[in-house]
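Asks: Dumping what TrEMBL says about this protein:
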ACT_SITE  Glu127  active site, proton acceptor
BINDING   Gly157, Gly158, Ser159, Thr160, Gln161  ATP binding site
Amino acid sequence: ERVHAVIIDAGSTGSRVLAFTFFKSLTDSSLKLDDELWHEVKPGLSSYADDPIEGAKSLLPLLELAKSSIPPQNWASTPLVLKATAGLRLLPDEKAEALLMEVRKLLASSGFHTTENSVGIMDGRDEGIFSWFTVNYLMDRVSGDPRDTLVALDLGGGSTQITFVPVEDETVKKTPEEYLTSISLLHKNLNLYTHSYLGLGLMAARASVLLQHKGEDGIIRSPCINPIIDHQWTYGGETYTIRGPEEAKYQEIHGQAGRLSENRPVADHASCVKACVQVISDKVHAPHELKGREVIAFSYFFDRATERGLIDPFKGGELTIQEFLNAAVQTCNIPNVEQPLACLDLTFISSFLTTGYGLKGDTTIKLYKKIDNYEVSW
């Protein structure tokens, strides 16, 4: 028989609905994924911290889409769950709770099956575990040898997660105890390494890097920003003016016959790396065995790679860490008013993978948004 489930992922930069249809086996009750609806609205719930009623209303289009994909006679038996992630974890408790209260009211009147536990803030550890399970399930790596499972790297707006099955004793010995957990999966126990770094998601990291260079006049003049840029950036309810350094850096561009054709203004990649490393260093644990494992990365890792043309936006693909590093240098050398923060984003990502997780330039990582046409998401 067909069964359905609806999940709303309330992320820091947007809310997404996933409406699943499964075939349920009548013999052993196992589920096989048949169909999936996915849609996103922006901004995220946390942007409505001062107007929780409007925040709840922002989810209405997602609920309507879910209803359109599931027969009305099945609504009452279809579980509906909303889990918020780092955006709400970063809010003051009373603001987060006010938002969740309005969302509970909305979901209770949706016609779907809800309970008092249907709405809440997801623990970062669970976020990592669910993402890990999703990618390994879709790549058919769950039921075999744990050594064949993939390391899952997720980069959100407010937090970033790493989850994998440790296969080396040294990893278990040298890992902080709170990073290790045990889950039951397909009738066997699996030990997992999982951790969520709150504040090291891409948007939160942008803020930490940029605010190092905030002047007394309130203007941010960052080496990660090209000197030609004058940009308004909003984060956490604050709007910042962002520019390149007052003392602009230039690169000589030589044309035919070696003649100087222009002095091009560039962002200072080396200084940007230093600013990113300052945000990352001493905060990230680098498990030694990562170097020999298959790694899959998604969310903003994927988005920024496709924006630079490094991988196919529809198929995904593989990249070396060195290609990420090279792309960061190239991006910082190109004045780009359309993507004023591209140099910072790629420099942070490449610094995080190398300085943070200790990955070497020749390490290959897989980057996907979809696997077999299904979204890579918890």
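Any Cβ shown, glycine's included, is placed from N, Cα and C.
No curator has checked TrEMBL annotations; they are predicted automatically.
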Asks: Using the Cβ center of Gly157, Gly158, Ser159, Thr160, Gln161 as the ATP site position, which other residues in that chain lie within 8 Å, going by their Cβ?
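Replies: Counting only non-site residues, the set is Ser12, Thr85, Ala86, Gly124, Asp154, Leu155, Gly156, Ser196, Tyr197, Leu198, Leu200, Gly201, Leu202, Ala204.
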Asks: Which whole-number value in Å describes the distance between the Cα atoms of Gln161 (ATP binding site) and the residue listed as 'active site, proton acceptor'?
Replies: 8
Asks: I'd like to know which of the binding-site residues Gly157, Gly158 has the most other Cβ atoms within 10 Å of its Cβ.
Replies: Gly158
Asks: Between Glu127 (active site, proton acceptor) and Thr160 (ATP binding site), what is the CA-CA distance rounded to a whole number of Å?
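Replies: About 10 Å separate the Cα atoms of these two residues.
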Asks: So, three-state DSSP: helix, strand or coil for Glu127 (active site, proton acceptor)?
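Replies: Going by the DSSP assignment, Glu127 (active site, proton acceptor) falls within a helical segment, counted as helix.
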Asks: Tell me the coarse DSSP state (helix, strand, coil) of Ser159 (ATP binding site).
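Replies: Going by the DSSP assignment, Ser159 (ATP binding site) falls within a strand, counted as strand.
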Asks: Cβ distance under 8 Å to Thr160 (ATP binding site), same chain, sequence separation 6 or more: which residues?
Replies: Leu153, Asp154, Ser196, Tyr197, Leu200, Gly201, Leu202, Phe352
Asks: When a 10 Å sphere is centred on the Cβ of Ser159 (ATP binding site), how many other Cβ atoms does it contain?
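Replies: The Cβ of Ser159 (ATP binding site) has 26 Cβ neighbours within 10 Å.
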Asks: Quiz question: given the recorded positions Glu127, Gln161, which has the greatest number of C-beta atoms lying within 10 angstroms of its own C-beta?
Replies: Gln161
